[in-house]
């Protein structure tokens, strides 16, 4: 199956790229510059494409992104510290982000005669990101079936949608994903902060998976406090 992977450069999507390269026919990676403050993640996506020997496209949608106001990822709003399940983490939502990116990715896939678009949404995203939940994935596939009817048949491959980030770490280790060559931190500094929701989830995932975390965090122990009182199980 010829597959294009939507790759941000983060742990999840880079692990997915390595999985697809091992199990399917990976024909390229596509990334999106939407004006995110952690744009450095795109460098890690480019490195992944080079490592796997496939083309890499960075689609500039900053003109769209600047209109999706109110998010800590694109606006002058502080990125909150803590666990993803906390109410404050809603500040990291970029409205309709995945729907916009996937619509473009499906267009690319149809033009390139690909069979599938792969996306690394996972169970840990369900807390606050509605466009990462199973209902969205199913509905998007149905919509694309109509949008491309008679022209192309492209499947949405989301193998992690019902699994935890710890499961992704386990799967990534199996496919020899170089975790040190991935970027998660929403703050986009020189090092992973260790305090934002995605850093906390990343650190916890390695712990739960029993896999050594090679990440250099500014605050490597904050995750313990942040995760106390929260279950790693997903909100379905």
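Just so it is clear, glycine is given a Cβ too, placed from its N, Cα and C backbone atoms.
According to Swiss-Prot, the protein has these features:
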BINDING   7, 8, 9, 10, 11, 12, 13, 14, 15, 16, 17  ATP binding site
BINDING   185, 193, 196, 199  Zn(2+) binding site
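Scoring each of the binding-site residues (7, 11, 17, 199) by how many neighbouring Cβ atoms lie within 10 Å, the top position goes to 7.
The binding-site residues 185, 193 differ in how many other CB atoms lie within 10 Å of their CB, and the one with the most is 185. In sequence order, 5, 45, 48, 120, 182 are the residues of the same chain, not among 7, 8, 9, 10, 11, 12, 13, 14, 15, 16, 17, whose CB sits within 8 A of the CB centroid for the ATP site. Closest by Cα distance to residue 11 (ATP binding site), from the binding-site residues 185, 193, 196, is 185. Here the candidates are the binding-site residues 7, 9, 13, 15, 17. The one whose C-alpha lies nearest to that of residue 185 (Zn(2+) binding site) is 9. A simple way to gauge crowding: the CB of residue 13 (ATP binding site) has 26 other CB atoms within 10 angstroms, across all the protein chains here.
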